[in-house]
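Summarising the annotation, TrEMBL assigns coiled coil to 10-186, 229-285. Per TrEMBL, the feature domain 'Kinesin motor' maps to 381-704. Per TrEMBL, the feature ATP binding site maps to 464, 465, 466, 467, 468, 469, 470, 471. As annotated by TrEMBL, region 'Disordered' applies to 716-762. As annotated by TrEMBL, compositional bias 'Polar residues' applies to 741-752. The feature compositional bias 'Basic residues' is assigned by TrEMBL to 753-762.
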Ligand code: ADP
Ligand code: MG
């Protein structure tokens, strides 16, 4: 089966192959016949193109001989003919002249001659005209030939166009042949190409038609040109006529011109003459003027001759001035330099004298300072002020209450006391009269208070009999505060002013010394007796263990502190006035400062002491406790006096330990501490003996002298209260008992107490 199948398939394939071969052969035949057809078509197209080319050449030959050319030829022939005619005429003319030159014998000859001459001139004229015409015709011929050339050019253009067309057609033919050739290779595209060829041959036919129509158009144009030529000839004739007319006119104009020219010449002649005359006149006038100018010139010359010397002197002056001006700056500089030198010298002198003066002044200043310091040293750091209270109601009225104290109007340090009909004068550092206000008193004190800020220790004591105004001066009243409050206020304001650099701490303590025992007025247990002890650090400083210190920062704080202390004192004591007059009240203000920039520390203490009454108890006949009180007061006051005396007289030993008060205030009394004793007195007549005692005390404190006197005084003890009573002013310097300075305080106090005992016992 397989074999038969394979055989069948082979047979089938062979049949298909045969069919295909037949188809191929048929297609080849088709293509051959098509190409033959196309070749035939191309052949016919070529023939057509040839025909067209022949047609074009024929048309060209037709166009060759134009009418214009014929006309030109005709004209040329005419021209030739006329020339020959003219030559013949000239020949005749010559003949006639020769005949004329021959001698004439006959009249008839003459006549004939004239006639002939006439004829000749006529002929000549005719010849002239003809010549002119000939020239014009020549011109016209020239124009025509130009136009003809134009037409020929156009014709050439159209011929070129035709040749282009031919060229184009032949190109297309070549293209079609090429396409046919390509068609042969590409049988499937052949049909299409044949179609396009057919279309293109139709186009060629159309182009032929176009060219024929164009030929037609050109022929028409040639006809038109001929018409134009004819018109132009007519115009030529008319222009010849107008030319003749114009010539006649020109002749006329020329005659006119000649006439005008003659006139003009005449006028010119006249003008020339006039000009000459004018010139002559001007010349004569100018000559006259010239003469005048010459005269002037001569005058000017003479002037010039006189002016020359003046000019010479002027130039001389000018030159000298110029020299001076040139030299002036130099001179000026010179003088300026010398002046400057002088001035600077003067300034230097003034400077040196100034320096000298300054030096002298400084020296003087130093001297003055030294003197001042010496003065201060002489005066000592202890001041004694006196204050007289006014007369009060308590003094009563009558002779006992009269004023016994008077003042010096010129010297505020002097006070006079009328005692038992005798006037005694005292001189202190300053005396405040009764009318002096608290403010005025504080003014004198405030320098001391502020020095406390600088690290000084200050003591202010109020001394005097009871009722003399001690408490008033120190504490004052609510409406009129005393030194205590004012001092604290001042300290606060000063501290505030220095707050930029310094830190300050102000503390306040209040204490009371009664019967030689120290009590804290601000402590919780006021009855407790405090002891004064030496600082364990070995600095020699004293301190009171258990003494309350209040830190105060404002005025309100102070008021609170005072109130507190006051209340304490009031509650503790049955009779405040009595008690206060027998005890010393101390207000201790400590100012500690720290300079923030340098780290420097300062400590200043301000001790404000309201002392116990200084009145002598002896007379009152006190006994028991009153007597002991009096003894204590006496002791402490005389101890204070001893200490101050020893300090002021610069003794080697100062008996601080003789009383609690002096012991407590030791560091505020010694060294460069400052002390003020405010001695209070009553001006009343009845108090004169106590006043006298107080003033004596004051004067003695003050009158302590340095030098030999003080050395002498060193030997003497401070006078006791009893002595004060007995002594009269002026006899204060009476030397006392010969105690050694070492034990003077103790001894004196002992002797005093013995004396007091004696006194009290009668
Ligand atoms: P002391 O404290 O010395 O015993 P005081 O200060 O208590 O004396 O004064 C006694 C009286 O005198 C008080 O009533 C006081 O007001 C008055 N006094 C004292 N000094 C003056 C003075 N300068 N001006 C007005 N009154 C004063
Ligand atoms: Mg008092």
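Placed from the backbone N, Cα and C atoms, the Cβ positions cover glycine too.
For the domain 'Kinesin motor' (381-704), the predicted model reports an average pLDDT of 85.
When the binding-site residues 465, 466, 468, 469, 470 are checked against ligand 1, 466, 468, 469, 470 have a Cβ within less than 6 Å of one of its atoms. For the binding-site residues 464, 467, 469, counting C-beta atoms within 10 A of each C-beta gives the highest total at 464. Long-range Cβ proximity for residue 466 (ATP binding site), meaning a same-chain Cβ under 8 A and a gap of 6 or more residues, is found for 581, 613, 615. Among the binding-site residues 464, 465, 468, 469, 470, residues whose Cβ is positioned under 6 Å from ligand 2 are identified as 470. Long-range Cβ neighbours of residue 470 (ATP binding site) (same chain, at least 6 residues apart, Cβ-Cβ under 8 Å): 462, 463, 464, 610, 611, 613, 678, 680. In the three-state DSSP scheme, residue 464 (ATP binding site) falls into the strand class. The most densely surrounded of the binding-site residues 468, 471, judged by C-beta neighbours within 10 angstroms, is 468.
According to its DSSP assignment, residue 469 (ATP binding site) is coil.
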